[in-house]
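Peer 1: My questions will all concern the structure given below.
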Amino acid sequence: MIDIPSADAPVDAPRGRVLLIEDEPNIATAIGFLLQREGWRVSTHSDGRTALDAVVRHAPDVIVLDVMLPGQSGFEVLGGLRAGQNGTRADLPVLMLTAKGQTKDRDRAEALGVSRFMTKPFSNRELIEAVRDLARTAPG
Amino acid sequence: MNLTFSLLVAVCLAYVTFLFVVAFAGERAAAKGRSLMRGPTIYTLSLSIYSTAWTFYGAVGYAARSGLEFMTIYLGPTLVFIGWWWGLRKLVRIGRAERITSIADMISSRYGKSNLLAVIVTLLAVVGTTPYIALQLQSVTLSFGVFAAPGTQASELTGLAFWVACGLAVFTILFGTRKLDIGERHDGIVSAIAVEAVVKLVALLSVGAFVVWGINGGAAATGEAIATSPVANWTAVPGRWAGLIFVSGAAVICLPRMFQVLVVENSDERHLVTASWAFPAYLMAMCIFVVPIAVTGLARLPAGSNPDLFVLTLPLAEGQGGLALLAFLGGFSSATSMVIVASVALATMLSNHVVMPLWLAAQNRDGSGQAQASISGDVRGVVLRARRASILVVLAMGYLYFLATGGTAALASIGLISFVGMAQVLPALGFGLFWTGATRLGAAAGIVTGFVIWAWTMLVPVLAGPTSVGPFGIEWLRPEAPFGLTGDPLLSAMILSLGLNTFVLCLTSLLTRPTPMEQLQAPRFVQVFDRTAAPRGRRSYHAGAEELLIMAQRILGASEAQEVFAAESRAQGRPSDLPETTPDLLDRLERKLAGSVGAATAHAMVTGITGDAAVSVEDLLAVADETAQIMDYSARLEASSAELVRTAGELRAANDKLTALGHQKDAFLSQVSHELRTPMTSIRAFSEILRGDEADGRVSDEDRARYAGIILDESERLTRLLDDLLDLSVLESGQVVLNPADVTLRTVIDRAVTAAGTVSLGLRIDRDPEGEDVTLRTDPDRLSQVFINLITNAAKYCDADEPALRIAVMAEVDGVIVDFTDNGSGIAAPDRGLIFEKFARLSDQAAAGSAGLGLAICREVMARLGGSIDYLPGQGGAAFRLRLPGETRTAGTARAAE
């Protein structure tokens, strides 16, 4: 469980908070670096079971969520989030990432109410734009 | 010619003797197979028993009283034979196909071989025919009386009737019960009645010709005489005419004696073609002189003379003794032939449907289960005795009835009453032939209803005399005017009985369901012409052929029964053996037996042996599908649909397997995709960062080095993954090539520890130097691959503060055991079954960047080496036990042996 300190954020005015739920440390490092460079405050969480607690704790504006997580899959986390478990905001924008690349995963994610779905590997620019779009359309 | 009573008796005896000779000759000729005896001419002549003494003498009397109305009695049969020839052919076809023995058997057979119905019809026939037999006896007595001296006592005449009855009984028993199988027919009797038919016709024509040309002086003069006679003053009542024509048409089919000669005695269906015109012609010839004789008799004989005897008294009055004698013989012939055939027919019914069932029931009561098979004695004898006794009973009843009512006018009308009585069978017969929906209960209810109404409205008034009020003062029950019908009593009784009979039959049939047996039988009758010879396929095959043969011998006689079985054996291609009891054989046998004892009894006997008296499941199927063909078709459909179901099941199983394989393949590909995409994601992301950094320079040198290191690590991870995948694929496909060599275990472990070196830097490895000193014949490279995997796993996943791995070796009789045990927390019980599966990397320990193929590869390798790898629980940390096969020896021992 690696929380990248927000102190690392660049001097630009922070765009908002991103919670990155990803268990592959190298991928987490890459995404964290990319988003922080764009002015986001990024928190990273690597366990599926405690993911919703992390959402409550960090109160992010956008969530980036991996599917293959230890303890609980990204789908279950998304389902719990949309159901408002643990008192989370049910309408948080969620960008889901998967390395499986199967359409049935995309279908399942969309059925659960995902905001955006991307397949790994992704282009950095696409990822950054996706998070920016989600933050802009996010309610409240 | 002076006729004395004694001479008459002598002539009678001579005539009867002549008939005996004819009958004998007929039987002999038939036995020799002379076809002439059973030609269409004889058949047509035998049908003439329709004209009894009642019509021979009575027609003239009828004409004298009611004019041409007597014609109706001849018109009915004429219309039936000309207009309904097709229906008669159907009747005859069924009679022959089903070996029908009587009208009662016909009805019973049609309605599911119901013996109850047979008994009802038999009862009806007995009640309806007995007075008719009495009528014949009376006519013979009366005709004798004409010749008797004026002072002759009535008792003498009555005594004569007794002797006539006895003579007829002897004759009937002699020629009617010589053989058992009615299907073989009574050649002697038929020959005799054919001769009698000729005598009747010749006698009546002779008297007629004498009257027209001898007395009246020609046809023209006779016509004049008729025109001036009171006979001409008659009026035809259309309703009564229609009714009489109908009822006499019904009688020609339903009267037991007519059914006997028409259907039972028929030897060839084609004879009907001749009979269809020849029989009406015979009837016309019989009635052509009736009116002249009546008119002349009324004109010439003293008033008060009995018109019923004009045929005799006219020639006598004119002094033609010889002609009178001929006429007497004609009347005698009419009477005797009717009595003979009627008693044969009735005796057949009585013995088959009353005596035999009672006897069988009695036998059943004594015996246990296999009743029919254990019948002792000769059944043939029993049947014949029953039939002979029945003949005696029938004639005795006729005689007693004659004694009770003889001399009264009551007998005169008994002919028509008998006709209407037997016509009660017509609805059951007619609907049975053309409507499969007619049921046993419907037929029984209809016949009983008609029977009761007929008995009440027609029989009771004759027996009890005219009544003026109904019973208990209930007016509408008065026999002469039932339900207040005050019209022609004969007509209203007929319409009421037959109408209600038909109505009740239809209504009951619609309200009741036929039994399975009925549903089997009905199409055999209704569709007799388009029936294919499909066996009913209804009996089980376990019936003993031997028991059947024993029973058949008792009924058919030894030689004939054996012939039937031998023919069947030959047909089945096993001539030296008893035939198999196929449904076909049983069917044929049952019909053959039915010819002797009636359908119901034969069915009871055969099913008694085959042991399926109850309707079998196949029966029910057959019934459900209405015909045997449909059953066969549906059975085939069922078989193929069962096969389809089976095939579909197999396909489904195969599909499930394929789907499962597909799912496995999908899951595997999905995991491979995941394992490939994960390192590629990092590689791509950091490559883009580093490339873009050349433009903006915002990545520190330190980060740049770190990111390049990550790219390198992830690239290596990709390579490793691809290597593992290829390795696993080769191992799984069984195409791996092993390079066995004699090697000590220590050498292999040393190599593995060295190879894992960099990874296992922080891991302490405890070894077992003595145990390792064992020589194996194995593939050292593959074995060390397994060891490396286990060492690196321990290095990666052992969560102890000071991780340690112990490698212990134990020699076994037929191999070596090597245990790898670390001091970590081990693997949780639920996961232990999973760790050897592909991509089974336990998620908690994901960080190490392994694809989770290591243990799967270890398992495959160990299998190829002829050993195994298992998780060893209860060792504190994670423990794996490897078994290596082969004759092993410690290096020391080996050296010592040299």
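Glycine is no exception: its Cβ is also placed from the backbone N, Cα and C atoms.
TrEMBL annotations: computationally assigned, not manually curated.
Bear in mind that the values here come from a model prediction, so they are computed numbers and not experimental data.
So TrEMBL lists these for the protein:
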type	residues	note
DOMAIN	B:671-888	domain 'Histidine kinase'
TRANSMEM	B:6-30	transmembrane segment
TRANSMEM	B:42-64	transmembrane segment
TRANSMEM	B:70-88	transmembrane segment
TRANSMEM	B:116-137	transmembrane segment
TRANSMEM	B:157-177	transmembrane segment
TRANSMEM	B:189-215	transmembrane segment
TRANSMEM	B:241-259	transmembrane segment
TRANSMEM	B:279-303	transmembrane segment
TRANSMEM	B:323-350	transmembrane segment
TRANSMEM	B:410-434	transmembrane segment
TRANSMEM	B:441-464	transmembrane segment
TRANSMEM	B:490-511	transmembrane segment
Peer 1: Taking the transmembrane segment (B:70-88) as the reference, which of B:157-177, B:189-215, B:279-303, B:323-350, B:410-434 gives the largest number of Cβ pairs under 8 angstroms?
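Peer 2: Maximum Cβ contact count belongs to B:279-303.
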Peer 1: Could you pull out which residues elsewhere in the chain have a CB under 8 Å from any CB of the transmembrane segment (B:42-64), counting only those six or more residues past its ends?
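Peer 2: Hits for the transmembrane segment (B:42-64): 36, 70, 73, 77, 132, 135-136, 139-140, 142-143, 190-191, 193-194, 197-198, 200-201, 204, 231, 251-252, 255, 257-258, 261-262, 265-268, 271, 274-275, 278-279, 282-283, 286-287, 290-291, 293-294, 297-298, 306-312, 330-331, 334-335, 337-338, 341, 412, 414-415.
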Peer 1: Would you say the transmembrane segment (B:410-434) and the transmembrane segment (B:6-30) are touching, if the rule is that at least three C-beta pairs must lie under 8 angstroms and be 6 or more residues apart?
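Peer 2: These two stretches do not touch.
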Peer 1: What stretch of B:189-215, B:241-259, B:279-303, B:410-434, B:441-464 shows the most Cβ pairs under 8 Å to the transmembrane segment (B:323-350)?
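Peer 2: By Cβ pairs under 8 Å, B:189-215 leads among B:189-215, B:241-259, B:279-303, B:410-434, B:441-464.
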Peer 1: Under 8 Å between C-beta atoms and at least six residues away from its ends: which parts of the chain pack against the transmembrane segment (B:279-303)?
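Peer 2: Cβ under 8 Å, 6 or more out: 44-45, 47-48, 50-51, 55-56, 59-61, 63-64, 68, 70-71, 74, 77-78, 81-82, 197, 200-201, 204-205, 207-209, 211-212, 215-216, 222, 225-226, 229-231, 310-311, 313-314, 317.
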Peer 1: Under a criterion of three or more Cβ pairs within a distance under 8 Å and sequence separation of at least 6, are the transmembrane segment (B:241-259) and the transmembrane segment (B:441-464) in contact?
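Peer 2: Stretch pair does not touch.
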